[in-house]
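Asks: What TrEMBL records for this protein is below:
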{"type": "TRANSMEM", "residues": "16-39", "note": "transmembrane segment"}
{"type": "DOMAIN", "residues": "32-279", "note": "domain 'G-protein coupled receptors family 1 profile'"}
{"type": "TRANSMEM", "residues": "51-69", "note": "transmembrane segment"}
{"type": "TRANSMEM", "residues": "89-111", "note": "transmembrane segment"}
{"type": "TRANSMEM", "residues": "131-149", "note": "transmembrane segment"}
{"type": "TRANSMEM", "residues": "188-207", "note": "transmembrane segment"}
{"type": "TRANSMEM", "residues": "228-251", "note": "transmembrane segment"}
{"type": "TRANSMEM", "residues": "263-281", "note": "transmembrane segment"}
Amino acid sequence: SEFILLGLSADCRIQTLLFVVFLGTYLLTLMGNLVMILVIRGDSHLHIPMYFFLGHLSFLDICFSSVTMPKMLQNFLSQKKSISVWGCITQSFFFLLCGCAEASLLSAMAYDRYAAVCHPLLYTMVMNRPLCMVMVSAAWGMGFLNSLVNNVFIHNLHFCGSNIISHFCCELPSLFPLSCTDPTANKFLLSGSSAFLGLLTLPLILFSYSRIISAILNIRSSEGQAKAFSTCSSHLTVVLLFYGTALFRYISPASGSVLEQVVSIQYSVITSLLNPLIYSLKNQEVKAALQRML
């Protein structure tokens, strides 16, 4: 009827320290992303496609971190680190939904940067509001469908043995080793759907950045090259942080190692914290809008 989440450590003193660290991380994540949303919505200078996507990314990061962090913080201070079976499956559903939606949204943002750098005169015509709405809706839709398919088939598994999860949250790869029935089909489905999502989103990112780099190299002035590169470096940093760890985790969904917990923290916690910092510290328009708001 329930699972036990072992978390990151069994030592009480370390758990207290981890509680303080992750509570601070969660609060900074909420504050940073909320500030980004308020600045983007409140400043008319930022009502362009790039910041439209960035606002949705900030909202998605709030959702992503809120799926796991409150329960993890509770478990740091609890003797019994339990979660109900339905609670666990619900958490895994929203975790996968947010992760897939973020991967798709980053792909849409890469195309937006390609349009801005390679076709600046046609940018507002190419990236019109209806297209932006379709791309954001498609990102959420792909996340929902991917998560729904994988979590529907988790009900075919029968959990009757050990109920101890060697992880801080209920990710699907962590549930497979606890099944009394053969989870091979579920593993194949998860790996296949993750690979399919990667094949849909990564080529668009690679195409966009190959064209962007080519366009930047053709700019004659070093000042122009630096300005064009600064437009894309923030997004490229986020893509590398997120994709590099998430694809590693889901295409080969083994479970139980400390490395996999560190990888999960990277794309579900650290990336959500760093996104507003990366986009605000490296972006003069956001800093100017924040100063105007203050």
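Every residue gets a Cβ built from N, Cα and C, even glycine.
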Asks: Considering only the recorded stretches 16-39, 89-111, 131-149, state which has the highest number of Cβ pairs under 8 Å to the transmembrane segment (51-69).
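Replies: Highest pair count goes to 89-111.
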Asks: Given a Cβ distance threshold of under 8 angstroms, which distant residues of the chain, six or more beyond its ends, lie next to the transmembrane segment (16-39)?
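Replies: Distant Cβ neighbours of the transmembrane segment (16-39) are 8-9, 46, 54-55, 58-59, 61-62, 65-66, 69-70, 72-73, 76-77, 269-270, 272-273, 275-277, 279-280, 286, 289-290, 293.
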Asks: Taking the transmembrane segment (263-281) as reference, which of 89-111, 131-149, 188-207 has the most Cβ pairs under 8 angstroms?
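Replies: The listed stretch sharing the most Cβ pairs with the transmembrane segment (263-281) is 89-111.
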